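Enquirer: Would you mind keeping the following structure in view while I ask a few things?
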């Protein structure tokens, strides 16, 4: 076997060797052959072919026709390549998705609060009810909770609220509140079981059954009645000699004063509709609260007074037309509480005051209607002159060295320790008010002007009801129960709140200690008397204007005033209707501005000087300091006020509900029952119509309601269900007026029904005026009255404070009172715990008061991300400005992320800050596509240098952050250096009204000035001339809108807001349009139009390039006619050339333009050639509309019932045949297409706030673009004449001369300390 195997192995090896050697041999042979082939090809074949080619000859022959044909073919190829490769770059622009509108609906997870049952959320119900008290410190809350008790009331039982001396809260169930009608009314309500009562309202879970008036009565119950049975100026000496004992009665006019009226007890009962559980806080709880916490009690009373005024008074006056009831309070106060100065003071001093006032007026030669009389030093000339006369006459030069201890004439009061203070440190019954002061016997120290001021202050306090008295003894007995609840007395049980409050942490207790601020400053009456200003008003001067916030009390020293209360129904559209005028005369000793100053609210009356008048002005700040020193004085003032309130307002107080809403909280939903009307007291609401059944919520329409607006009257009267969903945009306060209240008041006071009818009529008129917008897409209606504005940075920036300062200064120049709120200012006013859990109530009350005092509040979010102040800014804003530097990274910043997380539905607007007045193409879209929730955007030029950066102490760190951010975003800054378009001169605003901040301020104030340009072909050149004339007159524009050629001109102006580049670009475009050869070469087979549209497209694209509409410096829109959906579309984003071309697309001349979604768009003039209605919906108050459309003949025609085209053609050439007017086919089609536009254009001429202009260019044809200079001059001359007419009629005063607030009432003067 071994031998055989070896033999086999040897054979195999030999075969392998053989195959290997064979393969190698064959490979070598192949390589050799290929090498020989290459060598042969290179040395023989190639030279041979080269020789043949060089020596080969070819002859080609062409005739002239062939050469001409080849030439034209070559030309066509070149034209086609250039046409479709280089000249239509506009068709190859990158597709830009349309920017979607921001979602303005509420969070779908937020719904109206469901009724709560039983005691599951009893503490929440209690907290909700006592929220009418405002901010409560925790010890005060514990004191109230300690006395609360519950009671079960069976169905049908009644409680007499008019006689109830407890605070009642409905925990579970429902009460019906009834009132007794007037004696002269025979109408009854049978459902109450008591035929003499009418239903006012229904009160259900969580709502207080007691009214504001009841709460004030509980706090002031122990305050004794302020009577004037005795003369307050009795037993004073008749001479000025110190120590004299001879007495006389001064001020004889005050000898017999009427008693103050007792507080009205309204006949109001509450009937349990079902078995109901109530919570009761008895009267003694409030009495103990007054003794233990006088400062907090005064604060609660002030909050209740303000809300009583803001809810009850304001609703009754502005909405229900109860001006007579409101006016009676001021009238009764002056008729019952007038305290004149003593005769020995009024005799000579007043004459000297008048002489000094007249001499000062003549010396100043001023046109001012008031003069603030000021002392010339510590010892005034007037006082020394008066004292020296009286002293020399009576006593010669004798002066006693003994300090005076008896009453002297001129002191008005008995002596007291000069170092006595107004407030001691003890807390208990009200101490006697130390209105007394003593003077030195030396003549140099005796200042009768100080005694005069003391007398004024005393008269003011006596008018307010502040006399020398002490509190009554507190009655600790519980208030008696009414008959209907006697059987349920066993169910009265105590509620344990202490367990809830014991859970408060040590930190919360520390917050309580720090939140109770007790003033330690002890001031004498002299220090407060120095605050009084002596002001002389000339006859006819308006001292108090209706709607102004109270800044102090006016005491009439001499002269007469007229107080008037115009009955006005003010609508949100600034439509006022005068319904009458109430008036009375205020005599010396009377008080002006009482109601507004006591409640710290705005005035309801106008007060003018009937004659030259001398008044003493006590600032509101001084009164507040006095109340801080002696808190219980506020209870006395409140008791005097509630004694003057008529019974009608008391009934209104029980029926009108006060509601506080959080952001995004829904008031009612669509299809809910309509049983009440809501009036916005503070905040902002939005109503929307949506489709809940669909997969996504489709917002079809919305409207916004600000302060003073009402919602729901039409549905309530028609007994229809709610047609929309209403929700709160931010923290809001509403007054709820039930339908039952309207029914009750309409029977006894028919004026209420008339008032409501006027509201409905005005609302229907607005709906009819808005019908012109039904054919377009549903667009949001901007509300004009922005009361609160939040400025939030996109990321950390040092321009936040500078931006807010510039905006505030412009708003102030426009006549608006503005308050800027920063975190530091709020903390300084409210303390370090202002943003704590309990401090939010105090913060909310503080912000509400500021909103009542100022026209606009600006919240500057200058805190860190996620801070409580940032959340407050967002929650309180009607509109949010997101501040960003345009040359930075457009990604969403950290502040914006926090804003998105809060899901705020307030309108958010992006403000892009540019160092130059220029925006590169496409830059704005980079910012907007990342922020679909942005509603609008603004371009603002804000230059900042190193001086501005380091102007504040804390700017060093900010400056470093700016440097770091600029380095990180450096590649964005290179855009302006490499873009050739930036090399053109940049426009600079030279006038104040042309600045970007003035434009923002006008938008905020609802005074935006808009420009609407109509279509008309070449006649639109005249619009440029009119614009030049308007700009010469100083008229700025904030929003631009246009149709057809108006869209072209408007786009050019909105691009850079400068007429110089606009003029050049427009003239260049008209030159292209005047070249008819361009359109001849563009003619094609008339499938969709007679031309391809290329030359038209290229002419517009050569003008605008790749710029987007959102890159325009001014807001701009163009309208088109969407023939796919038969509607009018508004375009405010996308490529400018594309939508301007769509707005200029005449049917038949150029094909329709396609939108991004494939819709066919034609000239917007077919639907509305002058879009004034849409411009009004954007918030413009003044609109300049320029109409250059063709005027069709309105002459009647008489061509018969049939028309022969042949006879019409022949009749033109036969002279002896009577000429008959025949319409052409083109004219008929043109009139047909413009039917809708003509109808809307006629309405424009009569719209309020619209300045309609129609230059005389009807003789120029539509395509007469070659007459540029001629048409331009016609427009310019017409514009000059129109502006002169407006100036002559003073219609441009508000636009050209914004109201300046530098000359205002003397209560705003800074130097008050030197007034006499």
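Backbone N, Cα and C atoms are what each Cβ position is placed from, and that goes for glycine too.
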Enquirer: For which of the residue intervals 1275-1295, 1296-1316 does Swiss-Prot record region 'Disordered'?
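Expert: Region 'Disordered', as annotated by Swiss-Prot, spans 1296-1316.
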Enquirer: For the feature transmembrane segment as recorded in Swiss-Prot, pick the matching range from 24-44, 87-107.
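Expert: It is 24-44 that Swiss-Prot annotates as transmembrane segment.
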Enquirer: Sequence-remote contacts (6 or more beyond its ends) of the motif 'GXSXG' (1042-1046), Cβ cut-off under 8 Å?
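Expert: Sequence-distant neighbours of the motif 'GXSXG' (1042-1046): 1012-1020, 1023, 1116-1119, 1143-1144, 1163-1165, 1168-1171, 1186, 1188.
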Enquirer: Over the motif 'GXSXG' (1042-1046), what is the model's mean pLDDT?
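Expert: That stretch averages a pLDDT of 94.
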Enquirer: Using Cβ-Cβ distances, find the residues under 8 Å from residue 1163 (active site, proton acceptor) that belong to the same chain and are at least 6 apart in sequence, listing them in sequence order.
Expert: 1015, 1043, 1044, 1120, 1121, 1143, 1144, 1145, 1146, 1147
Enquirer: Name the residue among the binding-site residues 672, 704 whose Cβ has the smallest number of other Cβ atoms within 10 Å.
Expert: 672
Enquirer: Quiz question: given the binding-site residues 656, 688, 752, which has the greatest number of C-beta atoms lying within 10 angstroms of its own C-beta?
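Expert: Selected residue: 656.
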Enquirer: In three-state terms from DSSP, label residue 672 (nucleoside 3',5'-cyclic phosphate 2 binding site) for me.
Expert: coil
Enquirer: Go through 640, 720, 736, the listed binding-site residues, and name the one with the sparsest Cβ surroundings, counting other Cβ atoms within 10 Å.
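Expert: Selected from the binding-site residues 640, 720, 736 on minimum Cβ neighbours within 10 Å: 720.
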Enquirer: Mind checking how the motif 'GXSXG' (1042-1046) divides into helix, strand and coil residues in DSSP?
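Expert: Residue counts in helix, strand and coil order: 2 helix, 1 strand, 2 coil.
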